[in-house]
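The structure under discussion appears below in the form of structure tokens.
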Amino acid sequence: MSVAEKPPLSVLICAPRGFCAGVVRAIDAVEKALAIYGPPVYVRHEIVHNKYVVESLRQKGAIFVDELDEIPPTNAPVIFSAHGVPKAVPEDALRRNFFAIDATCPLVTKVHREAEVHHRRGRHVVLVGHAGHPEVVGTMGQLPEGAISLVETVADVAAFTPPDANALAYVTQTTLSVDDTREIVEALKARFPTIVGPHKEDICYATTNRQEAVKRVAPQVDAMIVVGSPNSSNSQRLREVAERAGCAAARLVLRAEDIDWTIFGNIRRLGLTAGASAPEVLVEEIIDAFAERYEVTVETVSTADESVFFPLPRELRKEAAE
Ligand code: 2E6
Ligand code: F3S
């Protein structure tokens, strides 16, 4: 097909999109550990929820495990993923004399500390989040069994029986839907007026900003692609936000080869964003795939500036590594 025969396609690309400061820090931690100590470097769980990132680190010598008991006795670094771990994991690492490096996002660690403070002050903690997600498992694992109750929906709030309705606090997962969480927090406050919590919730800046940009773009396009993995909570939320903001065809796409051209083969305007764990190279790959079929013009729609940076885990900072 010659260039002249291609139909026009206007691509509205969201900003901010893609890597957040916690993801950059976690990936840098694995790369720095590989550079300083050489392979292998063990990583518990996908360092961030992206197969492309995991595969490229694996090729450099990272070994990914689900649990520490898969790791043989070793002096090699053992890194915990950005999503955080239950207290039992660093305790187990210490027992086994592992050189543990915690790549938990500082904004997740902040939630862990909030939960601990509430517990110390005698409050039962309500965690708003998605059952089974590693961040939720990690946050619940900061406190003794039974000290945290998980609620996922407004209906869960209605059904919840607290040990003491006047000694309650809430914390949230960092990657939730801002709108759904507002409703759940309102329901908690309506049922338990003395409940203590953060100013709004614990949803991080990156999640909030990426959802805001999607809300601006989604009503203006025929279809929307969110670059990200199915197990990435923040990416899944972006797809939902796009759908709710009026874009009927919003899809999560891992990379260009996964595009369903029956949906994206006959459109005029495309919205594009990427979850916090999706590398920009995969966004570029997707634009290239569209450029093979369309005469593409790209316009950036920016709703916030981001300048957040987190230093590497202590064990990997220059002074410590020397
Ligand atoms: C850690 C905490 C929050 O599934 P989720 O969105 O939590 O995770 P990723 O790896 O897709 O995104 C980054 C991240 C890490 N978000
Ligand atoms: Fe942290 Fe939010 Fe990213 S919690 S890892 S900054 S998506």
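The backbone N, Cα and C atoms fix where each Cβ goes, glycine too.
Per TrEMBL, the feature active site, proton donor maps to GLU135. Among the features that TrEMBL reports, [4Fe-4S] cluster binding site is placed at CYS20, CYS105, CYS204. Marked as isopentenyl diphosphate binding site by TrEMBL: HIS49, HIS83, HIS133, SER232, SER233, ASN234, SER277. Positions annotated as dimethylallyl diphosphate binding site by TrEMBL: HIS49, HIS83, HIS133, SER232, SER233, ASN234, SER277. Summarising the annotation, TrEMBL assigns (2E)-4-hydroxy-3-methylbut-2-enyl diphosphate binding site to HIS49, HIS83, HIS133, THR174, SER232, SER233, ASN234, SER277.
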Sort the binding-site residues CYS20, CYS105, THR174, CYS204 by C-alpha distance from HIS133 (isopentenyl diphosphate binding site) and give me just the closest.
THR174
Quick one: pull the CA-CA distance for HIS49 (isopentenyl diphosphate binding site) versus CYS20 ([4Fe-4S] cluster binding site), whole Å only.
13
Using a Cβ cut-off of under 6 Å to any atom of ligand 2, determine which of the binding-site residues CYS20, CYS105, HIS133, CYS204, ASN234 qualify.
CYS20, CYS105, CYS204, ASN234
Integer Å distance between the CA atoms belonging to CYS20 ([4Fe-4S] cluster binding site) and SER277 (isopentenyl diphosphate binding site):
7
Have a look at the binding-site residues (SER232, ASN234) and report the one with the fewest Cβ neighbours inside 10 Å.
SER232
Neighbourhood of SER233 (isopentenyl diphosphate binding site) by C-beta distance under 8 A, where only residues 6 or more apart in the same chain count
HIS49, HIS130, HIS133, GLU135, GLN173, THR175, LEU176
If you measure THR174 ((2E)-4-hydroxy-3-methylbut-2-enyl diphosphate binding site) to ASN234 (isopentenyl diphosphate binding site) at Cα, how many Å is it?
8
Starting from the Cβ of HIS49 (isopentenyl diphosphate binding site), draw a 10 Å sphere and report how many other Cβ atoms land inside it.
28
Around the isopentenyl diphosphate site recorded as HIS49, HIS83, HIS133, SER232, SER233, ASN234, SER277, what other same-chain residues have a C-beta within 8 angstroms of the site's C-beta center?
VAL48, PRO134, GLU135, THR175, SER229, ASN231, SER235, GLN236, GLY275, ALA276
So which one is it: of the binding-site residues HIS83, HIS133, which has the fewest other Cβ atoms within 10 Å?
HIS133
Entry from the binding-site residues list CYS20, CYS105, CYS204 having the most other CB atoms no farther than 10 A
CYS20
